[in-house]
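Participant: In case it helps, TrEMBL gives these features for our protein:
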| type | residues | note |
| --- | --- | --- |
| DOMAIN | 26-161 | domain 'Peroxisomal multifunctional enzyme type 2-like N-terminal' |
| DOMAIN | 188-298 | domain 'MaoC-like' |
Amino acid sequence: MATSSKPAAAVDPEVALAHKFPEVSFDYDERDVALYALGVGVCGDDAIDDKELHFVYHRDGQPHIKVLPTFVSLFPNKNSNGLGIVDVPGLNFDASLLLHGQQYIEIYRPIPSYASVVNKVKVAGLHDKGKATILEIETTTSLKESGEILCMNRSTIYLRGAGGFSDSSRPYTYATYPANQVHRISIPNSAPSAVYDDQTKQSQALLYRLSGDYNPLHSDPDIAQVAGFTRPILHGLCTLGFAARAVIKSFCNGEPAAVKSIFGRFLLHVYPGETLSTEMWLDGQKVHYQTKVKERNRAVLSGYVLLQHIPSSL
């Protein structure tokens, strides 16, 4: 019998899409919420910032601290190996070539400062791009006791070197979400409505990793150098937290419940200690943003934040 010398495809879509992820239950409390807030720069320049102190302290008798909406971006980590990698049968790839490309978050109700919750995970998208495969993992988180859905994360992962598993004339593509949820970023040519500068700390990545993302790329100088960086880089989701904070502070008077959804596309790495300058444009209920590293004048993140309503103060 003749045998083919062609190597097995790196991706078997039938196996990947048929996989049933186990539900994962976990608890979090106010310490986790406050630690995350500090990890994304809350009160970093002013320990008594009147728009941010309520994220880490029970100010003015408030019974609970408030929760940044990007805190929920930590929830998918509970289904990973602690390095941000989810095991999906049917996908064979080099983990060192994995890139976190985008993050989309929907918030369905105010996030409590402590809760018992359950993650349900599925493959929401799988796309053959020739030299890479795009994998989209959707994590829906519900309150354990009531079953009420709290939020949804959709993480877009680029698996470099794992593409080419389908006919190039009709590349494989699969998505469970509607076409109007394909995110297109349009940065206006006009002057921004607001600009917010925030210098990260040299220890920012070391602090942020305590919230559950232990990828050594963000802490180990040897691994960072092997990956092509001069030193450990900041987590992309940490940069997203900084950008969302800028929007909440600039357009929501520090009120996190004003946020309905968040989208971010990761463009370039950030080194701890660099200054993040977030330019923002208000367009109806949507705030478009672009975050640059001020020292290098390079865009590192772009996206939008959709608000529940147009702030009355604007």
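Glycine residues also receive a Cβ, built from the backbone N, Cα and C atoms like all the rest.
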Participant: Averaged across the domain 'MaoC-like' (188-298), what pLDDT does the model get? Just tell me the whole number, please.
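Facilitator: A mean pLDDT of 96 is what the model gives the domain 'MaoC-like' (188-298).
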Participant: How many of the residues that make up the domain 'MaoC-like' (188-298) does DSSP mark as helix, as strand and as coil?
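Facilitator: Its residues fall into 36 helix, 32 strand, 43 coil.
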Participant: Report the DSSP secondary-structure composition of the domain 'Peroxisomal multifunctional enzyme type 2-like N-terminal' (26-161) as helix, strand and coil residue counts.
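Facilitator: Counts, helix then strand then coil: 30 helix, 52 strand, 54 coil.
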